[in-house]
Structures are given as structure tokens and as C-alpha cells.
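The following features are taken from TrEMBL:
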{"type": "BINDING", "residues": "Glu99, His102, Lys215, Asn219, Arg221, Gln233, His248", "note": "chlorophyll a 1 binding site"}
{"type": "BINDING", "residues": "Arg104, Leu184", "note": "chlorophyll b binding site"}
{"type": "BINDING", "residues": "Glu216", "note": "chlorophyll a 5 binding site"}
Amino acid sequence: MAAAVGGRGFLVQPCSLSFVSNKNVLKHSFGAANTCWHVKPAKPQGFARHVAHAQLRPTWLPGLDPPPYLDGSLAGDFGFDPLGLGEDPESLRWYVQAELVHARFAMLGVAGILLTDLLRVTGLLSIPVWYKAGAVKFGFANTETLFLVQLILMGFVETKRYMDFKSPGSQAQDGSFFGLEAALEGLEPGYPGGPLLNPLGLAKDIKNAHEWKLKEIKNGRLAMVAMLGIFVQASITHVGPIDNLVDHLSNPWHRTIVQTLANSAS
């Protein structure tokens, strides 16, 4: 017979009353009859190990064992990698940086779209809807010039970021960034820090800033999902997100995503 107590298993075997003095014997009484049992600790069962592991490590799907290479040490690591993209350690390091950069761009993009759309809808600014803003012609420079300037600047910054990824801290050394090295502390790849990119000093001790890293990546993932929603929304409704919100609030029961999708399909 087997008994489980708090995730610990015991193997129990019957014995005679002559062994009652043994400390490994459990005595139990049922009326007039006495029965005693040998009690031996058993190896923990796999189920108990999995339950304890699931309680200690939150995962994207409760009860799911995360891959061994996702050990919970990364910010926002909930064991989600259905395609096994992070099996190679070097690839995993790069994917972490790629997600972080995309998350930050998405947060800036969502904030910029919502703010400019709000200013446009309220009439405070006469500007085009966000997905047409790129077609606006500026008087101080033509489109080709702006594209080349952006290509050079973004290429320079991305090159410096890649160099810091390959050799952490190298881009914070004297003479490596036009004299701006003091404003980039080079805390670790993806977190340059300093007064330029961390003016409030929220995470000066980046090695122990796990909570700040987790908050950033969670908000960044939410922003990436939001950007995808904004893209789909604009493709279907051909208006901005604030326009969609105002339209929904004007008639909440009949202006929903269901009616919007039905009208777009007809």
C-alpha cells in the first residue's frame, strides 16, 4: 500500500505485533484488532515534482514544463518558446535583444499614434491620420534626403548597438561615441543607462533591477500586440484608433468589433 503526505511518498507493508518496538513501524488500532505497518520513505513521484515545480516557477501555461534552456533567469521568461528558437545560447542572447528593441519601438509607436490621433480628432492640430503621415511632404527637405539621413543615423546607432552586443561595455569607453560616453554608462547590452537614456536613475544597479526589467518587457509585449491591433484596425476601418473609440462609445451595443468585421466583409 502507498500513502502520500505533502508530496512525499511512503511504502507501507504489514507486519506482526512483535515488531511494534521498531521506530520504523506505524501502529494503528481498529476496535479490538491491532495492525501495524512497516513504513519506508519512497522516492518522490514525478507528479509531486511537477506540482512543486509549477508552484515555484510561473509559466505561460500553468502546469507546463518550460524548456531547460529557459531557466527563469531572463526578464519576462515564462517558458514560452513553442518553436524552439532559443535552443542555441548565442541565438537566445540575440533574440532577447531583438525583443527588447522591438518592445521599445512598439511602446513609442503606440504612444505616438494615440497622442497624435487624439490631437487630430479634437481639432487641436491639423495633421493627417497616422498611416498617411509618412506621405507628407516637408518644405525643408525632400523625401529622398530624409530617407538617406534616417538611413545613416539609424545605421550608425544599430551598428553601435551590435558592437556593444558582441563586446559588452566597449561603446562606453572614452572616444567611442563622439565624447558622449559619459552619458552612456554601458551597464549591460540593451541597457546603456546614464543620464541620457536613464535620466531618472530608476535602475542604476542594473544587475539587481529585475522588477524594472520585468515591467518593461511586459509593457513592451503588450505594446507589440497593440500595434498589431492598430494595423489591423486601420486596414479594416480606414480610420485612426481614436476615431474607432469615439464611434464605439457613441453606440456601444451596435458599434462593436463584430459589426465592424461584418460590415467590412459585406
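Quick reminder: no glycine exception, Cβ is built from N, Cα and C everywhere.
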If we count other C-beta atoms within 10 Å, could you say which of the binding-site residues Glu99, Glu216 has the fewest? Glu99
Measuring Cα to Cα across Glu99, His102, Lys215, Asn219, Arg221, Gln233, His248, which the record gives as the chlorophyll a 1 binders, how far apart are the two most distant ones in Å? 33
Listed binding-site residues among Glu99, His102, Arg104, His248 whose Cα sits within 10 Å of Glu216 (chlorophyll a 5 binding site): Arg104
Integer Å distance between the CA atoms belonging to Arg104 (chlorophyll b binding site) and Arg221 (chlorophyll a 1 binding site): 9
Which binding-site residues sit within 10 Å of Arg104 (chlorophyll b binding site) - Cα, from Lys215, Asn219, Gln233, His248: Asn219
Chain-internal residues, separated by at least six, CB under 8 A from His102 (chlorophyll a 1 binding site): Gly220, Met224
